[in-house]
Structure formats: structure tokens, C-alpha cells
Amino acid sequence: MAVSREPREAKAKEFAYCPYSKFRVGAALVAHDGTVFTGCNVENACNNLGLCAERTAITKAVSEGYRSFKAIAIASDMEEEFISPCGGCRQFMREFGVKWSVFMTKPDGSYMDMLVEDLLPVSFGPDDLKKKKASSE
Ligand SMILES: O=c1ccn([C@H]2C[C@H](O)[C@@H](CO)O2)c(=O)[nH]1
Ligand SMILES: [Zn+2]
């Protein structure tokens, strides 16, 4: 008998707290050892304090000692579009490397995957902070 499992990012979307946008997003982040951290968007009455699903998942992982990731999958309710991470989340992902995968999904299970470095080309990262001019020290 065929068994279909709901993807972790779709399950995480069910917990989205988004009374203002009504736009539910879920994420499932896979660490180097296979451990999965999920996240959802968490909005706030003070609008700009809202958190994206991706950043929720990454923050959960880092706060439990994980800094190396293989992939993140993102889910929304958009039937016609793959959910694409915002610029802030791309930078947040980039902090932990550029060679890991972002799976942008649709509710039907289809997806588009790209590397962090392709979603955020010519990026600024942790190593750049070590490259300032010697004279400014
Ligand atoms: O990739 C995305 C795009 C949007 N959102 C959230 C932010 C806000 O709560 C809502 C509408 O932008 O969706 C995410 O969590 N991840
Ligand atoms: Zn975002």
C-alpha cells in the first residue's frame, strides 16, 4: 500500500502565526547530521517584529548548537508559485555558508531547488569582516 507522508515544512506551516498577513509559511531545515529543525512565520502587532519561517528554523538550530546545514525546504499556500525566501532570510542563510540547498515548494509537492550562493550572488559574509584595510586597525 502506498504511504504518503506530509513533508515537515508543510506540517510546520500549520503552526504559522500570521493574523495580519494570513500568509502561512513553514520551513524544515536539515542539519549536517540529518537533524531537522522546523519553523513557521511568527507575526506581531508591532509589524516589523515579525519573523519569517526560515529564520525561526535557523535560529532554533543555532540555539541548539547546529551551524552546518544541508538544506532548507519552504512551504506556503500558493498553488501557482514556489515560495521564495525574502532577502533578509537569504542573508541569514548565507551566514552559515553558501553551498547548501534551498527547496522552494508548492502544496502539490513540486519544488525548485537552488544553492544559497545562487539565491544571493556576490554576497557579503563573515569572512569579509576579516578583510578590512590594514591601515584602519
Ligand atoms: O519566504 C518567506 C516569505 C514570507 N514569509 C512570511 C513573512 C510574513 O509573516 C508573511 C507575509 O510576508 O510571510 C516567510 O516566513 N517566508
Ligand atoms: Zn524571510
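Numbers run from 1 along the shown chain.
Keep in mind that glycine also has a Cβ here, set from the backbone N, Cα and C atoms.
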* Candidate from CYS46, CYS52 that TrEMBL assigns to the same Zn(2+) site as CYS86, CYS89 -> CYS52
* When you average the Cβ positions of CYS52, CYS86, CYS89 for the Zn(2+) site, which other residues in that chain have a Cβ within 8 Å of that mean position? -> ALA53, GLU54, ARG55, PRO85, GLY87, GLY88, ARG90, PHE92
* Asked: How many of the residues that make up the domain 'CMP/dCMP-type deaminase' (1-127) does DSSP mark as helix, as strand and as coil?
  -> 33 helix, 33 strand, 61 coil
* To do: Average the per-residue pLDDT over the domain 'CMP/dCMP-type deaminase' (1-127) and send me the rounded value.
  => 97
